[in-house]
Amino acid sequence: MNTIALYQLLAFLSTGGEAATSQPKRSSWSTTGSSREASEASSIKAQLKQKLQQRTKWTDQRDLIGSGFASTAVGTDHARGRSVPHRSKASQSCPTLESDRSRTDRSPHLACYRLVTAPIDTQRSDRSRRSIRSWFCPNQVPVSQTNIRSTLTVVGLSLPSLHTWTFLVNQVEKCILNIEFYLILKILLFIVFAIDCWCARSMGKPLENRGALKMRDRLKKNWILNTARGISADEVCSESISPNSFLLTELFKSGSRAPVPLKIASSAPDGSRRPRLAATYNTLIDLHGKAGKLQNASDAFAEMLRSGVSPDTITFNTMINICGSNGLISEAEALFDKMRRRRIVPDTKTFNIFMSMYASLGNIEAVLKYYHKMSESGLTPDTVSHRIILQALCERNMVREVEDVINKIIESGEFVDEQSFPVVVKMYINQGMLSETSMFLEKHCGSSSISSKNYAAIMDVYAEKGLWEEAEGVFYRKRGVGNKKEVVEYNVLIKAYGRGKQYDKAVSLFESMRNIGIWPDECTFNSLIQMLSGGDFPERATEFLRRMKDAGFRPRCETVSAIIASYSRKAMVDEALEIYQEMKPLGVEPNEVVYGLLVNMFAEAGKVEQALHFFSLMEESGFPPNHIILTSLMKAYKKASCWREAQEVYAKMKTLEHGPDTIASNCMIDLYAELGMVSEAKLIFDDLRKNGEVNGVSYTTMIYLYKSLGMLEEAIDMAQEVQKAGLLTDCASYNSVLAAYAVTGKLKDCAYLIHEMIARKMLPDASVFRSIFGIVKKGGLPIEAVLQLQASYNEGKQFAREAIVTTLFSLVGLHDHALESCNLFLSARTRNPLDSYAYNAAIYAYGASENIDKALNLYMRMQDAGLEPDTVTYVYLTICYGKARMVEGLRRIYGLLKYGEIEPSESLFKALMDAYENSGKHDLAELVEQEMKFRIHSPIGDESETEDDWDAYESETEDDLDAYESDNIDQDDDFSMNPSIL
């Protein structure tokens, strides 16, 4: 029977189980069993003891110590992380495979010690696993504390010391043997050792990495309680110094100290032991601080001072960090003063703690103060110091100070920490300094090897700003040898492509990943699917969802909901339902966002029953209804004209925590506006205005309500109120106010609104230009000029927008604004030739502003450009001649009209009549009137045609307002319910 077999037999006796070998099955025994079983046990134990004594053959303690010190030195070096002399391969192997040739291998204790301290690598992990399992628990049955203690006592052995267990745990942790790690820890906790700080540190971190937080807390609690009671690990050992006790206890400690008896080690009057080292108190204070127990940490610090143990720099650093983490800035400063009074020199970490503490509070002045104090104290800032100061300065966009710090780092012969690169790049980008960003990356990234994660962080800064080209440049930049791209960089570049709407590039990058040897992960699929869904490519997103399933990944619920939202926006109801039905087979449970999207989709389609069906499914799934889903339900009732049901839903929303929101209230106002229920709509609007929740949609809906019922004064008051409140934020809200002003003839106010839009760099859309055409038509602009401007806008001709705005400003008398807008396209005529409508608008603008010479000069330039004058040109020239009293010019135009060289036009005849009247030629004005009656067969008539056209314009405007209100309410709902993209 060799050494390991003896220990396997010892483990068999300790656990009371069956042997791992193929021996006959024995009945279990215990120290309190029958006499026959007890005699068998005694016989086996006696044989085991005799075998152990025969194997040892040590006659005196001197020989034992002499042979033990060699192994002790080796074990101590491994425990302290030192390198050991080269040994033969046989002596480095695991104890289960070692031969019994050497003297040390013949000792079972030294074989156990070799098992603990021998370096374990991945090549021998399986062999070490078998050795540890067979030594501790051959059959993996529960361990009996009584059997372990009784068995070791019978054979003359004492329990292994705490250092033995700690060494063993460290080696098992290096080999990543999870099962054996928990097995050893279970035996250790079951025997109830008095845990010391070394054991707590060695075992606490592996437990935290494995997520076993409860077991970690149990270890810390064991150590804290025993430290407070004065109990140490030595007390579990025997006070006698026998050879076996020396091997099992002292060989696993540094040095060759014998265990100190409790009665000798007691220093307090009550017989309890107190820590005598500052490191013990430091660990205790740090544990209390990390547990959030500030009072316990303070008590431990006070006890340390009362016990006469001098605190060191680590002690004060720990206390300052705890106070700063709990927001006790004054206490941290007081500790710093106390530290200096005790003549304890602060180190770099002390100043780093203060810098980090004040940086988290946003006190940049204090951060700079301690940064300079560090240099004044003769200390050199380290990497953490530079990282903290750069982070604080970059967050406040202090470019000059950041560059000064970077220059000092370079002058000191160091490099900027790569974790600071994304922070500096973000500062430059926020300031719009893209060229400086490129220079910084070229200077600092080219000479150092940056990790893939930090490259991804730099790219993400560009991606957040939509700068996909710059992010692409960082991705494809030349790197050092061995610095390979990881999948996180591909994920960020896909995000950048999505922000820049470069969907084809994102898909191409995804397809190229496998060719390079990078396999997409779950985040890659989720980002790509959400990006395509946000770009309204639900079919392609669905294709990648299938590929994600085939790759063995489960999509996130946000990813599936993004596809449903995309189908919903495109009114593809059947496809959205198909994706919903695939959620459970994919292992994804629908949430309130998915149900809300389905309810809103059917509400948009006016299908109340289907919307109510999914609303019921949501409630059955345990999701309470929120404002967004109830608003979608109100929308469904509104489209079905079920206003009573909508009122019930609105009343239900009032029972929620914050009551109805602005979107729901606007939906009810819109419903009441369609039904002409003014008092009900005004009541909800007044509540919104009282609570400060009214927005542009609320005002627009009320303006539409008042205007549709002929309450023009109320509509004007509402329009002026929304303008003063600054709630005109988009073209639709401006258009509603324009309609209100136009109905009441406030054309100049309309022009001011258009100028305000342009000043805010808000480009008018098609609905606004339709309103402008109606305004200039109502203002008396010739119908030929209106049609010419409208045709140029519909055809998308260059400078059509500027010409329309110029004509509007000239019509209402805003000549300065008109000439400013006119100069925009006149200054570009050398590069881009102007068309007739642009020259006509410019002639009209200068003629209306009494600058006749400039207007006639433009007419001559128009002819030089090869453009023939049209009816609109002659109308505007007639106006100019009339204002200048140039009768000869009027006679020339009348002659061309009389002899048929100009197509007859009622607008031109009326312009000639007005011009002759302004020139005092009443007889000629009457002559032109007679000619118009003769040439124009239809009578001049009243303004019925204009009124009919304006009624048609009002009808179009009201339709635009209806679409605007519905779109705004729907967009708000969709925006609130859409999942976050990327």
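From the backbone N, Cα and C atoms, a Cβ is placed for every residue, glycine too.
Where the annotation comes from TrEMBL, it is an automatic prediction and has not been curated.
The compositional bias 'Polar residues' annotation in TrEMBL covers 20-56.
The compositional bias 'Acidic residues' annotation in TrEMBL covers 942-975.
Averaged over the domain 'PROP1-like PPR' (503-614), the predicted model reaches a pLDDT of 90. The annotation domain 'PROP1-like PPR' is assigned in TrEMBL to 503-614.
Annotated region 'Disordered' per TrEMBL: 19-57 (among others), in sequence order.
The feature region 'Disordered' is assigned by TrEMBL to 75-105 (among others).
Annotation source TrEMBL lists region 'Disordered' at 937-982 (among others).
Positions annotated as repeat 'PPR' by TrEMBL: 277-311 (among others).
Per TrEMBL, the feature repeat 'PPR' maps to 312-346 (among others). Within the same chain, residues 278-279, 281-282, 285-286, 288-289, 294, 297-298, 301, 304, 353-354, 356-357, 361, 377, 379 sit at least 6 positions outside the repeat 'PPR' (312-346) and bring their C-beta atoms closer than 8 Å to a C-beta of that stretch.
Summarising the annotation, TrEMBL assigns repeat 'PPR' to 347-381 (among others). Applying DSSP to the repeat 'PPR' (347-381) sorts its residues as follows: 26 helix, 0 strand, 9 coil.
Residues annotated as repeat 'PPR' in TrEMBL: 486-520 (among others).
For 521-555 (among others), the entry in TrEMBL reads repeat 'PPR'.
According to TrEMBL, the feature repeat 'PPR' maps to 556-590 (among others).
Residue counts for the repeat 'PPR' (591-625) under DSSP, split into helix (H, G, I), strand (E, B) and coil, are 26 helix, 0 strand, 9 coil. Annotated repeat 'PPR' per TrEMBL: 591-625 (among others), in sequence order.
Helix, strand and coil residue tallies for the repeat 'PPR' (626-660), in that order: 25 helix, 0 strand, 10 coil [DSSP]. Among the features that TrEMBL reports, repeat 'PPR' is placed at 626-660 (among others).
Broken down by DSSP into helix, strand and coil, the repeat 'PPR' (661-695) contains 28 helix, 0 strand, 7 coil. Annotated repeat 'PPR' per TrEMBL: 661-695 (among others), in sequence order.
According to TrEMBL, the repeat 'PPR' annotation covers 730-764 (among others).
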Ask   = What are the helix, strand and coil residue counts for the repeat 'PPR' (312-346) according to DSSP?
value = 26 helix, 0 strand, 9 coil
Note = Across the repeat 'PPR' (486-520), DSSP labelling yields 27 helix, 0 strand, 8 coil
Ask   = When the repeat 'PPR' (521-555) is classified with DSSP, how many of its residues are helical, how many are strand and how many are coil?
value = 26 helix, 0 strand, 9 coil
Ask   = Helix, strand, coil residue numbers for the repeat 'PPR' (556-590) per DSSP?
value = 22 helix, 0 strand, 13 coil
